[in-house]
Amino acid sequence: MVKVAYVQMNPQILEPDKNYSKAEKLIKEASKQGAQLVVLPELFDTGYNFETREEVFEIAQKIPEGETTTFLMDVARDTGVYIVAGTAEKDGDVLYNSAVVVGPRGFIGKYRKIHLFYREKFFFEPGDLGFRVFDLGFMKVGVMICFDWFFPESARTLALKGADVIAHPANLVMPYAPRAMPIRALENKVYTVTADRVGEERGLKFIGKSLIASPKAEVLSMASETEEEVGVAEIDLYLVRNKRINDLNDIFKDRREEYYFR
C-alpha cells in the first residue's frame with residue numbers, strides 16, 4: 001500500500017518566500033502522516049490572478065535551476081517524499097504554467113499546462129511537452145494542471161501511458177471539478193489527487209475542496225472550501241494496474257478507436 005496526499009493552501013500573490021514557508025509546513029505534516037507522494041496547488045509559489053504579463057515574467061523562474069525547484073528538492077530530500085507542485089516557468093522569453101516533479105534524490109521532470117484557462121492565455125503559452133508520466137520506482141505518476149481536467153482526453157492519455165496516479169495541481173474557480181474527478185478516476189481506473197487552493201485573490205474566489213478519488217469513483221478524502229489543510233489516503237496500486245472490470249471486459253482492450261473520431 002502507498003499513501004498519497006494533497007496540500008490545500010492559500011498562496012499569497014507575488015510572495016514566494018511566504019508561500020515556501022507555508023508549503024514546507026504542510027508538506028512536513030503530510031509526511032508525518034505517512035504520505036509518499038504530496039501534490040501542491042497550481043502556481044503554489046506565485047499566486048494566480050496576475051494583472052500583467054510583466055508581473056508574471058518578473059516572478060517566474062527557470063526549471064530546474066530556479067529557486068522554487070531548489071526549495072522543493074530540499075524539502076523532498078529532508079522529508080523523503082515525492083512532490084508535484086505548480087509553478088510559473090520562464091524559458092527564455094516564454095512563460096509556461098508548469099508543474100515540477102521532485103523526489104528525495106532531486107529533480108525528476110516537469111509538465112507544461114496544455115489547456116490554458118481564461119486570462120492565463122494573456123500570460124502563458126500552451127504547453128509543448130505533451131502529457132507526461134513519471135516513474136517513481138514504486139508507482140507511475142501522470143500530471144495534468146487544473147483546466148486540463150475539463151478535457152477527458154487528458155486523463156485518458158495519462159492512463160494509456162501507464163499512470164497509476166494522476167497528480168492534479170489546481171486553482172479551481174468553477175464548482176465542477178470535485179464532481180468530475182471521481183469520474184475521471186473511474187473511467188481510467190486510476191487514482192487522482194487534486195490539490196486546490198483556497199482564499200480570495202484580487203477579487204477572484206477559489207473553491208477549495210481538494211480531493212483524492214479512487215478507481216471506483218470513491219472520494220477517499222475531500223478538503224473544506226475555506227481552510228488550509230492536508231488530506232492523506234492509502235491507495236492500492238493493484239486496483240489500477242488491472243484494467244479489467246469483469247471476466248470479459250477490459251477498459252483499454254475494449255476501446256474501439258476506429259469509431260471515436262468520425
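Placed from the backbone N, Cα and C atoms, the Cβ positions cover glycine too.
The domain 'CN hydrolase' feature in Swiss-Prot is assigned to 2-237; the stated evidence is sequence analysis.
Under the heading active site, proton acceptor, Swiss-Prot lists E42. Counting only same-chain residues six or more apart in sequence, the Cβ atoms lying under 8 angstroms from the Cβ of E42 (active site, proton acceptor) belong to Y48, G86, N97, A99, K113, I145, C146, P169, A170, N171, R197.
All chains included, 27 other C-beta atoms sit within 10 angstroms of the C-beta of K113 (active site, proton donor). Taken from Swiss-Prot, the feature active site, proton donor applies to K113.
Under the heading active site, nucleophile, Swiss-Prot lists C146.
According to Swiss-Prot, the feature substrate binding site maps to V173, M174, an assignment based on sequence analysis. Taking Cβ-Cβ distances under 8 Å and a sequence separation of 6 or more, the neighbours of V173 (substrate binding site) in its chain are L204, K205, F206, I207.
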Secondary structure of C146 (active site, nucleophile) (DSSP, helix/strand/coil): helix
Cβ neighbour count (within 10 Å, all chains shown) around C146 (active site, nucleophile): 28
